[in-house]
Amino acid sequence: MACLYRQKLTVEEKNIRGITMQNKRRFEQYHRYGLLFIAPFFLAFLVFQLYPILYTIYLSFTDLKGWNPAANLVGLDNYFAIFRNPLFLKSIRNTFILWGVNFVPQIGLALLLAAWFTNIKLRLRGKGFFKVAFYLPNIITAASVAILFFVLFSFPLGPINLVLQHFGVLDQPYDFFRSETGTRLIVSFIQFWMWYGQTTIVLVSGILSIDDALFESAMVDGANDGQIFRKITLPLLKPILLYTLVTSLIGGLQMFDIPFLLTNGNPNNSVLTITMFIYNQAFTGSRNFNVAATASVLLLVLSIVLSTLLFQFFKENSKVGRK
């Protein structure tokens, strides 16, 4: 009996091994198909993403200019030179000013709207309509928005000028686009108007992911809306706020379309951003590809460093909060 039992086990083990080998071969076949399907993506990434990045880094160490295909290695000379370039330094300052002036009110208004939309006490009607209305500016093309605001603030017969004169705010037409402060405020407002809706939707999603039991317990304990928002909503919303801050910062550093289409960086390069500086160096004038490549690498490094610092800052604050 024992021998027969062992023989039976041996046969069953062989059958199991056979099935396992078949499954393994079948899995390897499927694995090959999977590699075949994702190969176009990796090929496109290598050609259109990785190679341009590596080539840009290479160009930042050369003296490639104009239509001359020859490029000589110059070491770190381009990096030393660009930090002495007042236009590049001004573009960095402009970029942070434009981003800061639009992001601070953007996140403030988005938090307020998100709190209203998710407050069960208010029972707001038409939430879907308002969400769509607030998000709508984000899907309008930048070219259309730039033309719209250029017409609104045009001199001397733009609608804004006519309205301000009608109510006595202005005695005579004001040329907004000849004022550095006015142009910066207009560009910042456009960026705010285009993106606050998306930020609101993201924050609403974050608040809705918080367990309702926490809010209900707080209300039972007598907490008011302000206390609930400060003690429950904001602390639990930190990951979403970090995501919003980092993506907004990276997008702000890459700001190009609105200031370029609206005034091409004028007046006096007051809204010249880093990406506009890169564009102007590479595709206009003397075509300083080496300067454009150097600025691009520095933009990449700046984005990585600032994002890392923000992650570290939120991480440290979270540790302090838990203590």
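From the backbone N, Cα and C atoms, a Cβ is placed for every residue, glycine too.
Listed features, source TrEMBL:
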- 33-58: transmembrane segment (TRANSMEM)
- 92-310: domain 'ABC transmembrane type-1' (DOMAIN)
- 96-120: transmembrane segment (TRANSMEM)
- 132-155: transmembrane segment (TRANSMEM)
- 185-210: transmembrane segment (TRANSMEM)
- 240-262: transmembrane segment (TRANSMEM)
- 291-314: transmembrane segment (TRANSMEM)
Top Cβ-contact partner of the transmembrane segment (132-155) among 33-58, 96-120, 185-210, 240-262 (pairs under 8 Å): 185-210
Chain residues in Cβ proximity to the transmembrane segment (185-210) (below 8 Å; excluding those fewer than six residues from its ends, i.e. six or more beyond): 97-99, 101-103, 105-107, 109-111, 113-115, 117-118, 131, 133-138, 140, 142, 145-146, 149, 153, 176-177, 232-233, 236-237, 239-241, 243-244, 248, 251-252, 255, 258-259, 262, 271
